[in-house]
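Contents: one structure, followed by commentary.
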Amino acid sequence: MANTRRAILNWCDETLQTALFKDYAPNGLQVEGRSDIRKIVTAVTASRAACDYAVSQQADMLLVHHGMFWKSEPLTITGWKKDRIATLLKHEINMAGYHLPLDAHPVLGNNAQLASRMGWTLDKQFGEQNLLNAGRLKTPKTLGELNAELHQKLGRVPVAVGEETRVIENIVWCTGGAQGFFQTAIDEGADVYITGEISEAQFHLANETGTAFISAGHHATERYGIQALGEAIQAQFGIETVFFDEQNPA
Ligand SMILES: [Zn+2]
């Protein structure tokens with residue numbers, strides 16, 4: 001028996017507490033398809049490749065972390081955006097996105113899932129909408145060792161700024177493009193701040209404050225929340241979910 005889109009998305013909204021967040025993208029349904037759901041494809045981003053994969057899988061829903069409608073973007077449906085949406089509409093595939101609520105969820109979220117993959121202790125969530133996370137490595141490591149472990153587990157070469165031999169124990173992290181929160185991590189007294197991206201300014205702050213900085217990849221650090229959400233939906237509703245990964249170096 002098929003489940004309805006409404007039942008699944010209501011459950012997601014409740015589980016992820018979407019109403020509590022101020023986001024710059026709509027959370028939940030972004031493109032409407034058929035109402036009965038038998039198969040879901042999950043992906044980090046609703047890219048053209050992810051849309052095409054959902055078609056190839058005969059999925060009824062594409063469920064993502066990064067949807068297609070951001071406040072900073074033009075409102076028009078043209079060019080690449082038209083092509084993605086046309087593909088979804090033609091095949092009646094729903095597209096739903098969960099952004100900040102899926103970063104912050106204490107179990108399914110990107111931050112919590114990254115910590116569990118890396119074996120980090122999560123002591124507290126804090127800062128802007130509880131998006132920052134403070135915790136500890138189970139055993140102290142040098143910055144070089146931590147960097148190598150991130151490389152090995154996430155499959156992407158991180159960018160690290162700081163003394164390679166510096167011993168790391170207390171960490172602060174936020175997945176994705178959260179380099180702007182580096183000062184908050186410095187104020188927290190972290191040995192290192194780990195996020196997905198780096199901009200020019202963080203190199204200097206890391207050198208001048210002694211708090212190391214690791215950019216481990218936006219895509220690479222945000223692969224795990226949407227997979228955990230898909231697995232939770234599969235457990236709750238008995239719906240087949242398949243994760244689509246992309247080799248995104250950013
Ligand atoms: Zn992101």
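Residue numbering: from 1, along the chain as shown.
Each Cβ is built from the backbone N, Cα and C atoms, and glycine gets one as well.
In the record from TrEMBL, residues HIS65, HIS66, HIS218, GLU222 bind divalent metal cation; the candidate from ASP13, ASP23, ASP103, ASP187 listed for the same site is ASP103. The Cβ centroid of HIS65, HIS66, ASP103, HIS218, GLU222 marks the divalent metal cation site; residues of that chain outside this set whose Cβ lies within 8 Å of it are VAL44, THR45, HIS99, LEU102, ASN110, THR175, GLY176, GLY196, HIS219, THR221, GLY225, ILE226, given in sequence order.
DSSP gives HIS65 (divalent metal cation binding site) a strand state.
Annotation note: GLU222 (divalent metal cation binding site) sits in a coil segment as assigned by DSSP. Sequence-distant neighbours of HIS65 (divalent metal cation binding site) (same chain, 6+ apart, CB under 8 A from its CB) are VAL44, THR45, GLY97, TYR98, HIS99, LEU102, ASP103, ASN110, GLU222, GLY225, ILE226.
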